[in-house]
Amino acid sequence: MDITFINVCDFIGTLAFAISGIRLASAKHFDLFGAYVVGLTTAIGGGTMRDVMLGLSPFWMTNSFYLICSAIALVWVIIFRKLLVRQNNTWFLFDTIGLALFTVTGMEKTLQAGFPFWTAIIMGSITGAGGGVLRDVFINEVPLIFRKEIYALACVIGGFGYWICARYIVPPLYCSIICASLVILMRFLAVRYRLHLPVLKAEDESKKAQN
Amino acid sequence: MDITFINVCDFIGTLAFAISGIRLASAKHFDLFGAYVVGLTTAIGGGTMRDVMLGLSPFWMTNSFYLICSAIALVWVIIFRKLLVRQNNTWFLFDTIGLALFTVTGMEKTLQAGFPFWTAIIMGSITGAGGGVLRDVFINEVPLIFRKEIYALACVIGGFGYWICARYIVPPLYCSIICASLVILMRFLAVRYRLHLPVLKAEDESKKAQN
Amino acid sequence: MDITFINVCDFIGTLAFAISGIRLASAKHFDLFGAYVVGLTTAIGGGTMRDVMLGLSPFWMTNSFYLICSAIALVWVIIFRKLLVRQNNTWFLFDTIGLALFTVTGMEKTLQAGFPFWTAIIMGSITGAGGGVLRDVFINEVPLIFRKEIYALACVIGGFGYWICARYIVPPLYCSIICASLVILMRFLAVRYRLHLPVLKAEDESKKAQN
């Protein structure tokens, strides 16, 4: 197997996603097994949801690469625990590369399955951000992407970029590159300028809305 | 596309479900994107679980209607935020219509796929009440339908009504109408007379049951 | 239908899983319907996740056995509520038998679908332990299997046992028996000697890892 640029991005993205899951699990005093499962879920959860909805076999079921990546992430966290905070910028970079790649992969797989573009944008966003939602459900927290700075929205914006380019007959490869670049750009701007969406104000009696 | 009575019910039901999700998300200080995702999940989550288990493509992947409905719900909540409490009776009515329609849709789709009636009743209930469970998982609360007045049980009762009618060779259309009417009736009775099921008493040492 | 040894194990395993869900639901003051749903989810949740990922219809959709089992479990908890604590050793035994059987079933189904062995091990573990994770998500707790004594890891060890035996051309039936025995042995050892995996130490600033 030739190692391509995509493979490298996939590796560092999976690593970064798994490490984010393992770190949060360790903050909640999960044991090694639990931390591994949360890390793995963060890395493969989004793509699994996408594949199940597309009616495909989840991608990791025929490729042990992602399980091994998550194991490397676990070993990394154990060994470099005290250095992880200092590596935060690196992990942010890797996480962003992963987010961009996963969004593009999710979109392409959905378009290949014959679904419309807006479905592809949703599937791209689920591929990128869905694992983090599952991770937060497992550690029993409100999913961060619903409350904090722009994360899943970067996937949506990247997806719209793909769509617009494809409309103007830009070749698919360039659409993908533009989509990934937009995701990365949005994430950097969001973190650099602390961009976030407005929070909906609560009504006093909003509890009554629940059925 | 002709707009049918079913389309209208689908619209107001989806709207009511999305609004319930958006209101609860705003009570938890979700941002606009998070509120939209929770609203959308409340509206389409139950049907998505059903379709995945039936081996079908989730219904919303080929029809942008539900995404647009949820967007309308978001705009509605932003604009009429202070009036929502006064509209509670209307939203209760719309939510109930949605619950009835989604239950019938879920049952019919399951029967068409060749599954037995009791599976259809479960799928009808999941279609009606599953989105609310996902909503409550996302906002990190214990699902309300497990603790409060009769909600999913109304779907189950409607489903049994469908089953009994179908046994006595009532034509499918009338079965559906009877099912929907039963769901609506049960919900009204449940809220009017505060009907709820008995709560299981906890043992002192129930924690030990967990593995 | 002849009642086989497997049927008996399936019955007591399903019963034990459902009872564990119902007891925890009652500790959280769920109503009867909620307790039943949580019990049922504990019993069938793992197998449902497996079947959805394998692209099969969930096993319980064509066999009402599991719904009836869960109903029996509910009645049992209501009637014998005060005696349940004294029955804890029995339920531990039944739960362990269920865990072993579900692991073997999950592995066999995955291997029959043509997936590699390591996928079968994961699917076996999901079949055994996935229902408990869903149960804990529904009752809004951090999944216990991520924090407490060895549980899902017993499935993984049993799965490796199956793999090694199959490599040395042991007939499938014996592989299954060895796998089940390993799961049961591991669970007994784990509880008897309070075996658990080390907990990952939290970094001070682990929160920063979250995106």
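The chain as shown is numbered from 1 upward.
Yeah, the Cβs are placed from backbone N, Cα and C, and that goes for glycine too.
Positions annotated as domain 'Glycine transporter' by TrEMBL: A:8-81 (among others).
Residues or ranges marked as domain 'Glycine transporter' by TrEMBL: A:93-166 (among others).
Marked as transmembrane segment by TrEMBL: A:59-79 (among others). Here the transmembrane segment (A:59-79) has long-range neighbours at 10-11, 14-15, 18-19, 22-23, 26, 32, 35-36, 39-40, 43-44, 47-48, 51, meaning same-chain residues at least 6 beyond its ends whose C-beta is under 8 angstroms from one of its own.
Annotation comment: TrEMBL describes A:91-111 (among others) as transmembrane segment. A Cβ distance under 8 Å defines the sequence-distant neighbours of the transmembrane segment (A:91-111), meaning residues of its chain 6+ beyond its ends; these are 6, 9-10, 12-17, 19-20, 46-47, 50-51, 54, 56, 84, 117, 119-121, 123-129, 151, 154-155, 158-159, 162, 172, 176, 179-181, 183-184, 187-188, 191.
The transmembrane segment feature in TrEMBL is assigned to A:117-138 (among others).
Here the transmembrane segment (A:150-169) has long-range neighbours at 99-100, 103-104, 107, 117-118, 120-121, 124-125, 127-129, 132, 144, 175-176, 178-183, 186-187, 190, 195-197, meaning same-chain residues at least 6 beyond its ends whose C-beta is under 8 angstroms from one of its own. Residues annotated as transmembrane segment in TrEMBL: A:150-169 (among others).
If you look up TrEMBL, you'll see A:175-193 (among others) marked as transmembrane segment. Same-chain neighbours of the transmembrane segment (A:175-193): 92, 96-97, 99-101, 103-104, 107-108, 124, 128, 149-151, 153-155, 157-159, 161-162, 165-166, counting only residues six or more beyond its ends whose CB sits under 8 Å from a CB of the stretch.
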With DSSP as the reference, give the number of residues of the domain 'Glycine transporter' (A:8-81) in helix, strand and coil. 63 helix, 1 strand, 10 coil
Quick check on the domain 'Glycine transporter' (A:93-166): DSSP residue counts for helix, strand, coil, in that order please. 60 helix, 0 strand, 14 coil
With the cut-off at Cβ under 8 Å and a gap of six or more residues from its ends, the chain residues touching the transmembrane segment (A:117-138) are 17, 20-21, 24-25, 37-38, 41-47, 49-50, 53-54, 98-100, 102-111, 144-145, 151-152, 155-156, 158-160, 162-163, 166, 179, 183
Model confidence over the domain 'Glycine transporter' (A:93-166), as mean pLDDT, sits at 94
